[in-house]
Amino acid sequence: MAKKNQTDEKSPPAGKGDAGPVERKPAFADYIRVFTYASRWDFIVYVIAAVASLGAGVTLPLMNILFGQLVGQFTEFFQPNSTLTTSDFEHLLNRQALLIMALFLGRWLLNSINKFCFRMIGIRLSSAVRLHYVQSLFAQSIHTIDSMAPGAPATAITTTSTTLQIGISERLGTFLQFTGTILTALIIAFIWSWDLTLVTSSLLLYITLILAIVLPRVVKGQTETLVADMQGTAVASEALGGIRLVMACGAQKRVIETYDGWVRKAKERAQKTAPIVAAQFGLIFFGMFGAYGLAFWYGTQRFIAGALNNAGVVFVVLMSVMMILTSMERISTPLMAVSKAMVAACELFTVIDAPLPPSGNLKPEIDSHDIIFEDVVFGYPTRPGITVLNELNFRIHPGENIALVGPSGCGKSTIVGLLERWYSLREQPAVPKVNLMPQAAGKAAGEKVPEVTRPSGRIRVGGVDLEDCDLQWWRSQVGLVQQEPFLFNDTIFGNVANGLIGTGLENESEERRRQLVQDACEEAYAHEFICRLPDGYDTKVGDGGAKLSGGQKQRLAIARSIIKQPRIIILDEATSAIDAKSEKVVQAALDRVTKGRTTITIAHRLSTIQKADHIVVLQQGQAVEQGTHQSLMANKHGVYRGLVNAQALNLSDPNDEKANPKLVEFDDASTEKTYANSSKHGGPPSILSDREVVKRKPRGIIWSFGKLMWIQRDKWPSYLGITISAMAVASGTPIQAWLFAKVINVFLLPSDELKKEANFWGLMWMVLAICIGIAWACEGWIGLHTQYFISAVYKKQYLTDMLHQNISFFDDDENSHGALSSRVGGDAKQLEELLGLNLALLLSGLFTVAGAVLIALLYSPKLGLIAMFVCLPVMLGTGLWKYRQEVQFDQMNSTVFMESSQFATEAIGAIRTVSALTMEPSIKERYEKLLNQHIDAAKRKAQWTSVLYGFADSAGMGCQALVFWYGGRLLAKGEYTMEAFFICLMAIIQGAESASQALSVAP
């Protein structure tokens, strides 16, 4: 993988105190910066790929020269007073055919090189940026991550990173190829006839003006659509990440309504651009077909004046200018991909460039020193106007069991966040927002904006400021057990062994680490239930530990927190989220593991803290009472006693309920029994049962497409409109071939007749241009409007069906949070690409092929049969193969990146657990390993497919060489007229190109 960008330049702090996050606008410099992740060899490969792409683009205009020479030779051969003999004509024909074959072989080689190189470098660089993003994200404080939009990190490593990869790889190669085509065609046209080129190139100014007017509006509409899509993706990702909570609260309807709101906004914004894009299609294709009429009309005037030697010059100039126009129209797609990649790069670099919190470098002695809170003031920047801690003062003695109690919102969990250094008392940076579109109006005049509480005070540990301590070292000294512990989708052994990360035991042998895991599990009363599992410590716990009960997860979390033998243990309401029976087991484990350690307990059930050495009562961010349970209860009007009475607790002597291993074992077994039974009734799946997931066999394409069209029968009128407009668009190719042959014959006429016929056929070209322009506009508008509507419908339905699945559906490894988050937007996007405009383009291509074959058979049966049974099968076969390889590569790309994205999304969702366990380096290493596996798999796949892909992309030249050679021989024998030959030739060339285009858009 390419090395990550080792720049030390960072953006200025995004925000301090009450300062809001700055905005960052996408710039081309962000796109260029992606290439700084390339190694020296990557740059060499990039240069090779760029040269190969430009070279492949050059081959097409060179074909125009050969075609023009052949047209000139044909017209000369059929002149009444021609001196060109049949043998000379056949010799010239064979020579030109060999040159075309040489161009075919050269294009094949160059396409193979640029395809392989761009594909591999694109994957390598995007992987490097993904890795740097994840590494930078986990280096940030929790506050910085909290300042980001919900679901933004998950979207960044999936959709955003994929967009970046597309824009720096094959789309960039396509852009360079079209650039080579445009420049070469322009040079050739001016060399052959500068005045005819200038006249014909007036259409270039016309096309440029259209694009200059239309593209900014299209980009703005797509950007607004992207913003709405990102908001919708964030809603879906957040809901899928907390699916159990969503189901428990019955919040599916509310989530779907919120998601549907963003989907509707995206649809409305996208549909506003549909008429603009449709008008662009119509105007551009009107200009392209109109250029034929203008070029032939002006060419005949220059031919009559003696400025041109033959029709071949007109053909070379016309085809070169048309090639420029076509390339300019097609270059918009890679340009759009580069534009999107620029926005994606900016999104990723906002996190990569965010200022890092200070890590400190001191490692003080903490065994004999207090932890002291001195005048701590704190408020969350995301909650302006609210002060959570207000001049808080208290101390924790070493080896003491201290409990923090108080009403909800008094700051208990905030104290945990400060101790874990998730938040800072010095500065609170925020990730800059990416400004994708003009901002809405600001606050109304006179409206008061709440101020964010400026943090102050300090926390001293071992006589030094906590924030001056080495961050990794400090977290390795602290064991955290949270209210809802998070377990990774790994084995029990792997989850508990995560607690060794950052300690000297991390690199011990597996046998040693397994013994440490077992010892920790025994101490946490988890060993008993683990041994009863079929796979023991190698049992997979599922996404978020979904295959375990609450008590089992909590005990594994306790084992994970104590395996490193921490000096301090923080229990953040560790028993509040489990049932009373499990609480007995967990509380017994907690009592056992906290002996002899400094323990900080955040209490929810006050009955669990009666044995605490010291209790601090918090209210409105201040310590209002401190003491033991007995001393605090003695104060009849005290806050603590009021809390106890409010819970109506029956406070018996804590010594009456001593932890009994036999009792623990009994409770443990009964808990498992209850849990196992619950899975049979739709509850969480039991890992105690050997459950197999029944997977539905994938349906065929025809069956699936047929069913989809039946479901969409209310949209049949739209599909009928698409079909009719596609037929109208396709009719342009055979009519154009017929007009071309007619105009070529005009050059054989005397001067007086030639001028009259030129005017008539030039007018016919303009009529065709108007009709085709209207047909393209209709096809574009109906196709885009339909695809945006269908995409919105299925996005909502897709998420709705997901949220109403049984909970066991989400326990399948393939249906984890990360995988489903990727599929919600990705699958709907693929469906959008299947229906609508792409369907219209596919139908246009197929109808064009049918029309081309039909007219070729009517005017030249022998040549038409060659085209039908040799050229078109080769073109269709190679095009279909190319399409299937693209699909397979995309599937492989999606599968592997889904695996890495799933892992990263899971880690981001558990960012507090990751930071508390100092897992950031191991997360980075594992993510890098997954990415490298993908790069290796892609390289093996691309090594041979690129060669075949190059052939598939160049096969048209070989077919055209065959048609020229065989057709020329038939002409030399007098079997066909020149008009019949050119009708067949142009129909086959245009039909083959349409077939290739049809398969290139096939989703």
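Every residue gets a Cβ built from N, Cα and C, even glycine.
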Annotated stretch (transmembrane segment, per TrEMBL) among the listed ranges 133-154, 243-264, 947-968: 947-968
Cβ-Cβ under 8 Å with the transmembrane segment (198-215): same-chain residues at least 6 beyond its ends: 189, 276-277, 279-280, 283-284, 287-288, 290-291, 294-295, 298, 317-318, 321, 324-325, 328-329, 332
Cβ pairs under 8 Å between the transmembrane segment (839-859) and the transmembrane segment (92-110), at least three: no
Top Cβ-contact partner of the transmembrane segment (172-192) among 43-72, 274-297, 947-968 (pairs under 8 Å): 43-72
Spatial neighbours of the transmembrane segment (92-110) far in sequence, C-beta under 8 Å, 6+ residues away: 52-53, 55-56, 59-60, 62-63, 66, 69-70, 73, 950-951, 953-955, 957-958, 960-962, 964-965, 968-969, 972
The transmembrane segment (760-778) vs the transmembrane segment (719-740): 3 or more CB pairs under 8 Å: yes
The transmembrane segment (865-883) versus listed stretches 43-72, 274-297, 719-740, 947-968: most Cβ pairs under 8 Å: 947-968
Non-local residues, at least 6 beyond the ends, that sit with Cβ under 8 Å of the transmembrane segment (719-740): 289, 292, 709, 712, 761, 764-765, 768, 771-772, 774-776, 778-779, 782-783, 786, 836, 839-841, 843-848, 850-852, 854-855, 982-987, 990-991, 994
